[in-house]
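As given in TrEMBL:
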TRANSMEM  12-37  transmembrane segment
TRANSMEM  57-79  transmembrane segment
TRANSMEM  100-123  transmembrane segment
TRANSMEM  129-150  transmembrane segment
TRANSMEM  255-273  transmembrane segment
TRANSMEM  285-304  transmembrane segment
TRANSMEM  355-379  transmembrane segment
Amino acid sequence: MTPREASQASLEFGGPLGVTVMLVLLPATMFHLLLVVRSGPARLLGPPTYLPGLEELWSPQALLLLFIWLGLQVALYLLPARKVAEGLELKDKSRLRYPINGFQALVLTALLVGLGVSAGLPLGALSEMLLPLAFATTLTSFIFSLLLYVKALAAPVSALAPGGNSGNSIYDFFLGRELNPRLGSFDFKYFCELRPGLIGWVFINLALLIQEAELRGSPSLAMWLVNAFQLLYVGDALWYEESVLTTMDIIHDGFGFMLAFGDLAWVPFTYSLQAQFLLYHPQPLGLPMALLICLIKVIGYYIFRGANSQKNTFRKNPSDPSVAGLETIPTATGRQLLVSGWWGMVRHPNYLGDLIMALAWSLPCGVSHLLPYFYVLYFTALLVHREARDEQQCLRKYGHAWQEYCKRVPYRIIPYVY
Ligand SMILES: NC(=O)C1=CN([C@@H]2O[C@H](COP(=O)(O)OP(=O)(O)OC[C@H]3O[C@@H](n4cnc5c(N)ncnc54)[C@H](OP(=O)(O)O)[C@@H]3O)[C@@H](O)[C@H]2O)C=CC1
Ligand SMILES: CC(C)CCC[C@@H](C)[C@H]1CC=C2C3=C(CC[C@@]21C)[C@@]1(C)CC[C@H](O)C[C@@H]1CC3
């Protein structure tokens with residue numbers, strides 16, 4: 001089988017038809033959420049109360065703001081890093097190098113925004129610009145993905161992603177042909193995965209908090225919780241930035257529309273849905289309920305961080321004292337699979353923790369509406385699908401040892417349920 005035949009034999013996401021639907025459905029869903037969240041009924045499944053005209057969507061100021069933001073994040077990415085990490089070995093046996101300075105970028109952005117706000121920058125007004133900003137970001141992601149696709153046409157075969165090289169242009173545009181598109185040492189996929197969208201999400205949340213304080217005198221307890229929980233999540237991702245180098249997005253998926261739009265537009269504009277909801281639909285939250293929600297968040301984070309750190313430590317140094325006593329299964333690749341500790345409980349304990357945290361982000365919005373629970377629903381679907389993709393890759397990589405692991409640890413994400 002040629003590489004192209006092999007790639008076509010295992011098309012993901014429903015093949016060309018599936019990705020065509022997603023190309024339309026993903027931006028449409030994002031705009032639907034942005035519109036319904038500000039409407040009175042705020043119904044997830046109902047139609048928006050009005051459809052905006054082009055004059056409400058298109059704003060040169062929003063585009064300028066987006067470019068200033070992207071420029072700032074590029075500049076922070078290029079600053080000297082505390083560490084430069086090596087990625088996994090590529091097909092041509094080389095390894096790429098990545099700066100580890102994401103947390104530094106978050107702190108420096110916070111300092112700059114703080115200075116701006118104290119000099120009179122109206123950050124709260126950002127909440128009024130979300131629709132045109134989302135429009136500008138969607139257009140930019142689309143054009144950016146086209147450029148990536150064209151760039152990939154000239155890339156050597158060894159630089160192509162295993163899945164985005166089917167020969168069907170829509171499919172390859174969506175999934176991404178090239179695995180690690182770069183300009184010099186600037187890595188587009190790594191940059192986009194952790195910087196503009198993820199950090200942007202935190203500042204959109206903050207703008208919504210400031211706007212709520214301006215409207216109602218002070219931010220609500222619910223708004224504080226959502227801001228704090230999601231800041232912890234983003235801070236954690238940037239603090240442990242190096243571990244993103246072993247995710248399937250970096251080692252397996254190409255960089256196309258799915259990740260470009262997902263990273264730049266989907267994350268900041270849909271992941272901030274709870275804070276948007278609270279601005280337009282204030283929710284009373286008593287202290288006992290707030291404490292219970294904090295407990296749920298702490299449990300989720302404990303599982304999420306414990307599982308991720310255990311695997312990362314084990315992969316880096318299996319004889320580290322914190323993991324040396326864990327039971328393992330040897331594989332033909334020379335690597336081992338953990339079969340006790342967090343990874344002996346279910347096959348994806350980190351997803352379980354992440355889902356519990358997702359619930360804790362939505363609960364401050366009360367139970368009167370389904371809309372703030374969109375993230376929980378979407379994220380469950382994303383993780384179930386991601387888990388299935390990861391299983392296939394592990395089965396290919398580890399064969400019999402993976403089957404043995406599945407026998408020993410029969411549940412995927414939720415013990416005794418799934
Ligand atoms: N908020 C969001 O939108 C999203 C968040 N996430 C989060 O990002 C984090 C990373 O997730 P993801 O990239 O999907 O993958 P994981 O961190 O779960 O990594 C999966 C890999 O771990 C290794 N592995 C699996 N089982 C074992 C075992 N028993 N022992 C040792 N190694 C094992 C395998 O790779 P190998 O053997 O090659 O090391 C496998 O491919 C998760 O916490 C997830 O919840 C992910 C997607 C979206
Ligand atoms: C729009 C589509 C439906 C799918 C887009 C998927 C992307 C939004 C996600 C793919 C993998 C991601 C990861 C993270 C954020 C979301 C995306 C980019 C994290 C950075 C979130 C924080 C975690 O600690 C690490 C995650 C790695 C994967």
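Keep in mind that glycine also has a Cβ here, set from the backbone N, Cα and C atoms.
Curation does not apply to TrEMBL; its annotations are automatic.
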Selection from 57-79, 100-123, 129-150, 285-304, the stretch that has most Cβ pairs under 8 A to the transmembrane segment (255-273): 129-150
Tertiary contacts of the transmembrane segment (57-79) (same chain, 6+ residues out, Cβ under 8 Å): 99, 101, 104-105, 108-109, 112, 129, 131-133, 135-137, 139-140, 186, 191, 195-196, 199-200
Recorded stretch that, among 100-123, 129-150, 285-304, 355-379, has the most CB pairs under 8 Å to the transmembrane segment (12-37): 129-150
Beyond the flanks of the transmembrane segment (285-304) by at least 6 residues, Cβ under 8 Å: 220-222, 225, 229, 232, 236, 342, 349-350, 352-361, 363-364, 366
